[in-house]
Amino acid sequence: MPNQHMEELNDQQIVRREKMAALAEQGIDPFGKRFERTATSGQLKEKYADKTKEELHEINETATIAGRLMTKRGKGKVGFAHIQDRDGQIQIYVRKDAVGEENYEIFKKADLGDFLGVEGEVMRTDMGELSIKATHITHLSKALRPLPEKFHGLSDIETIYRKRYLDLISNRESFDRFVTRSKIISEIRRYLDAQGFLEVETPVLHNEAGGAAAKPFITHHNAQNIDMVLRIALELHLKRLIVGGMERVYEIGRIFRNEGMDATHNPEFTMIEVYQAYADFHDIMDLTEGIIQHAAKAVKGDGPVNYQGTEIKINEPFKRIHMVDAIKEITGVDFWQDMTFEEAVALANEKHVPVEKHYTEVGQIINAFFEEFVEETLTQPTFVYGHPVAVSPLAKKNPEDPRFTDRFELFIMTKEYGNAYSELNDPIDQLSRFEAQAAAKELGDDEATGIDYDYVEALEYGMPPTGGLGIGIDRLCMLLTDTTTIRDVLLFPTMK
């Protein structure tokens, strides 16, 4: 079968391959070998930021850099170029009489996109730009394809997501955003590690989807001839570790949900879940606030965070309000009073709140009211707590009012950023809630989970009172990088 890739070479690609062959003929490996640099562009700019042209000439310091050739100009015996490394770009100044004829030819024949190593004197041009006056140039790797025309800022959205490497080369803003993402995750780890939490890894392949209400991806294990699912949450395995005595655990991992895609949803995404023995949801509220404020401070500094023109007071204590009070504040409807399911449905109809066919409890109506009227008002960081039992199958009932649970969700800019509760550690209650979920599944609720008997058995060995938390890392990264779509914080988002 002919190689279609080879048949489609355009003129530029042919010329680049010819140059590759010419390098090989000269005894130069077109794809280079190990190269030792002494500094990055950023380190040089930082080190010599306050040095004038004259001072640099007097110091006469040399440096060796390496990176991708991004611009090149000049003719005859003198040339200027920009080399790009992980910190950004730095100019190089190449003179034929300084590097020698053979070495100057390597520079002259280099194409944009090629990798070069440059050794030379640190200087400042008459225009004040910090540069390297080359004394030697090393060819490090040949680029066989030219960079996209607009390499100063790739603008084609499809290419940005499909060929992230081109986006990273051409869009510094995008590159920096992903560096920030990594920093956010590192800071969260540092914060939890300092408080005695242990980072663990749990299985991605599960026998039964659990720990969340979501449709799973189903796969098949050939050797055991069993269907398995990709995890939709981290929860149930982490709580088994609390049973095992680990007391403080967390996991940062990929989650898979076979659901729709939009600006804030991708089929695979990153979550952190944290579990702390002997804590309740009030302690976990404090922990959540600490995690988010610590991450924000690390990448944004002290003070509020600006998101799409709105000032988010992330540095101040987060508001805390019961779900029923929040609904009452906005709609005037009081769900504190006892009511039948029929009365709740009548209220929903009166207020034009959709009632799904699988609803059988007042709690589901309360949650629907919250989603319909309250969520869109929650701009500043707000902990909404006291979710109904009907929508919280893994959370502990509130001892004062068992219709509700000791659970909270964190909302910022109308979106949910975290979900947490005092964990249900009563195996009998847990089994009955699993059974209710299984019944809802039978009634057509696609997101209801099945029964995890192994988890119930684990609880029967005893689990201490525990607080647990889940935070969507991608949404947090969107907030802290002022980004409107999840695809801009995922290096390789899911594409058709």
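Even glycines carry a Cβ here, placed using N, Cα and C.
Swiss-Prot lists Glu409, Glu416 with the feature Mg(2+) 1 binding site. Neighbour list (Glu409 (Mg(2+) 1 binding site), Cβ cut-off 8 Å, at least 6 residues apart, same chain): Phe383, Val384, Tyr385, His387, Glu416, Gly418, Asn419, Ala420. Reduced to three states, the DSSP call for Glu409 (Mg(2+) 1 binding site) is strand.
Taken from Swiss-Prot, the feature Mg(2+) 2 binding site covers Glu416, and the record attributes it to sequence analysis.
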10 Å Cβ neighbour count around Glu416 (Mg(2+) 1 binding site)? 16
